[in-house]
Structure formats: C-alpha cells, structure tokens
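Colleague: There's a structure below that I have some questions on.
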Amino acid sequence: MESSNDFRSILPFLPLILRSSAVFWPPSVLEALKSLSKGPIHSNVNSGQLFALAIDDLRNSLGFSSLNLSASLGFSLFFDDELIAALLVCALFCLFPTTNRGAKHLPPINFDNLFLCLYEYYDVSQENKIKCILHYFEKISSDMHVGNVSFERKVLPLKNNPSCIVYPEADFWSNSTLSLCMFEVCTSGLIEDHLTEALEVDFANKYLGGGALSRGCVQEEIRFMINPELIIGMLFLPSMADNEAIEIIGAERFSNYTGYAKSFRFCGDYAEKKSCDTMGRRKTRIIAIDALCNPGKRQYKLEFLLRETNKALCGFLDTNKSRQNKMPINEIGNDIAIGVVTGNWGCGAFGGDPQVKAVIQWLAASQGLRPFVLYYTFNLEALQKLEEVVQWIILHEWTVGELWNILVEYSNQRLKGKTKVGFFSWLLPYLYNDDPMNFD
C-alpha cells in the first residue's frame, strides 16, 4: 500500500483488528488457527465435516454468517470421500512439511524431487512416470472415483503375544508339517495384470515407495505410478522393520505401460476391471515386503534365510484370522481363498539369489495357508527349470519343514564353498547340462 491511509481504507474488508499501528487476528480466531495448525491430534479436526464446522466457528467469531449447507457438504465430500485425491494434489503442489522426513524418517512425499530429477537426470522414463500421475489427475477431474483404500502395517511380534503369531525361529520352520501349496509358474505376463483377487507382491524398499518420487523406475516404482493412490502410504508409514510388512487394499490402477527401468513408457488409460468389496475397496491387495539389499554370500546364512522367510510370512499371513483363532500357525483353518501372485522378489537390483527367493516365498505362502502361489519368472534364465523342480517336489509330497531343511543344507554348502551351483542344479543335477546359477 502506498500509505497508511490506503491500508486503513481496506480494513473494514479484512478479518483483522487494528491496535495502535499494528493489526491482529481477534483473540478467539487466533486460538482456533493455532489449534488447527498443530494438526488433528491437537484440534480434533480429522474429517471434512469437522473442518467445515471449524470454519463455521471461525466465521461466527468474526461476525460472518455460517457456510452454505452445500459448501459444508462439499468440504465433507472432498476431504472425506476424495481424501486421497486431495492429498495427492497437496503433494503435487509440494505443500507438505519436510521436517522429520528423509533417509532415517518418513520418505519425502512432495513431488518436487520427481521434477528435479526430470531436469537434472533427464530420462524419457522419468517423463513417462510424470505422465502416469498427470493422467490420474486428468481422469479423476472428469470422473471422480468413489471408494476406499486401506493401509495396514502387519507385524510379527518378537516376543510372546497370546493374541497373534510370534516371529518364528529356525526350529519352527524345521518342524513344520504343513503341506506345500500349489505353485504355478508363468513365463509371461505381469503381477499387476492378474484379474482375480490375490496378494500381489510389491518388491518393496523398506521405505514404502522406494524411488517412486525420485529416479527409481523398477517394479515398486512402476506400481506406484500406475496405481498413484499407493503414494499416499508414503505420507504416514515409516520404514519397515525385519518383522513388518505393509498391506494396501483398494488402490485403483489408472494407467497402462510398457517397458521397465529406462524403457518404461506410459501407454494410455487403464480401465479397472476388479470389483469392490463390502467396504467399497477395489479387490486389489498389494503386499509390500522388503528383501535384503545386496546380500551377497550372507543370504545363505541361517539368520538371513530366516529373516527373508519370516518377512514373506509376515506379508502373506492372514493376521486377522490368526488373531481370531488364537492358534499356532499349524492349526489355523484352511479356508483362506486368496493366493499369492509374485515373482523375482529381492533379485534384480537387490541382488538376491532367484532360485532361493522363489523357494522362500513358496515356504512362506504355504505356512501362511495361502492356497496357491502364481509365480511370474519374467523369463529369467536362472528360473528356466522352476516348473520341473516344483513338480518334482510336489510329486515327493514334501512338507514345509522338509523343504526348509533341504534349503538350509544347500545354503550351508554354498556358504562354506562346498558347492557353487544353483539350488535347482544341486537338488536335481540331472535337469542341467549348463547351470545358469554357477558362479565360477
């Protein structure tokens, strides 16, 4: 303003009071704004409806009329029924605070790094990640999808807990008498294209989403781009411990794509085909489990075999059913109908042994009483004989405990240098002429 008189002339139109030469919010308004700024735990404003009521209180304190009823309902609609869209808009506009976020805390959620990487490390795949997100905003702007998405941190307690399963020790696996579940091998196709309800494995970073909002463009990051509602989990889910997994139900897919890593390309709209459950969630169940990163030879040590198998079990186990039954895993009823759809978890960029990881996931799914594993090999050379190995094991009717003990025996030999061949070749040498897992 050019002069104090100019400023005074607009004061009647501002919700402020003038004291001496300074302006202030009215005390009641100031207290309400402070309360809101401290978040929902302090203010108890944790829904769109309550936010509309808080705004009404502010307006009343200023002598204004109440909000129009339709406006109040609009707040409720946007912040309750369209909450994920609202939060993703905030992330696009980089409105979330960055305090206590980063490598040792919650992952970053604002989209600034996504655009920073586009400029500083330009790659066509990065541009196509952004195209997926923009397509999401374009689609919901023309047709807002109504539904719910739930996020659950699943935990295997490290100490005795009468209400749920405890983190198993090696003897537990050795002594398991459960039968191995069905195991189907697919040499083509993608996990996210599976149309019936199943646990779809996210080859996760311990920080949910991994490099989705930066330079990453492999399995987890791609899933977060084509199902952008998954990104919201990065807002409030800290890193996973060894005994934790994350299950996300209801995230809708919006984009088609081709390629992987640098060849990733957005390929237009995807029409979601999965129906909704009674809670209004799409029947898409995504299980985020993080594998050991660059494990080298240590992946054959018993403690790390146990870590990986228990991590997969944590993700695959139906914890609600186990709590209701309050039984050991061996005694839980066999009426779980939802299987596991997975692939080369912890391999690729993470450097895990694909043959060992396939067996570990089979053990965990069987112990978690899942009816089947559908395994996508992505034409990995090391898994060319996976189908034959699975059929041989099933023919011999091995239990979970028997397969675990064989895996431990092989791993001991690998660790001590007594064998350098892959697990499949070690188990069934007649299947192989040249072993793709021979590391000589």
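Backbone N, Cα and C atoms are what each Cβ position is placed from, and that goes for glycine too.
Dumping what TrEMBL says about this protein:
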ACT_SITE  Asp202  active site
ACT_SITE  Glu220  active site
ACT_SITE  Glu221  active site
BINDING   Asn205, Gln219, Tyr260  substrate binding site
DOMAIN    76-153  domain 'PARG helical'
DOMAIN    171-384  domain 'PARG catalytic Macro'
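A description of the local structural setting of each listed feature is requested, covering burial, neighbours and distances.
Modeller: The local packing around Asp202 (active site), expressed as other Cβ atoms within 10 Å of its Cβ over all shown chains, amounts to 29.
A sphere of 10 angstroms centred on the C-beta of Glu220 (active site) encloses 23 other C-beta atoms.
Glu221 (active site) counts 21 other C-beta atoms within 10 Å of its own C-beta, drawing on all protein chains shown.
Within the same chain, the residues at least 6 positions away from Asn205 (substrate binding site) whose Cβ sits under 8 Å from its Cβ are Gly211, Glu220, Asp290, listed in sequence order.
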Colleague: In the domain 'PARG helical' (76-153), how many residues does DSSP put in helix, strand and coil?
Modeller: 44 helix, 6 strand, 28 coil
Colleague: Looking at Cβ-Cβ distances, which residues of the chain lie under 8 angstroms from Tyr260 (substrate binding site) while being 6 or more apart from it?
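Modeller: Correct list: Cys217, Val218, Ile222.
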Colleague: Quick one: Cα separation, Glu221 (active site) versus Asp202 (active site), in Å?
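Modeller: That separation, Cα to Cα, works out to 9 Å.
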Colleague: How big is the substrate site in terms of the longest C-alpha to C-alpha distance among Asn205, Gln219, Tyr260, in angstrom?
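Modeller: Those residues reach a largest Cα separation of 17 Å.
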Colleague: If I take the alpha carbons of Gln219 (substrate binding site) and Asp202 (active site), what is the distance between them in whole Å?
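Modeller: Taking the Cα atoms only, Gln219 (substrate binding site) lies 7 Å from Asp202 (active site).
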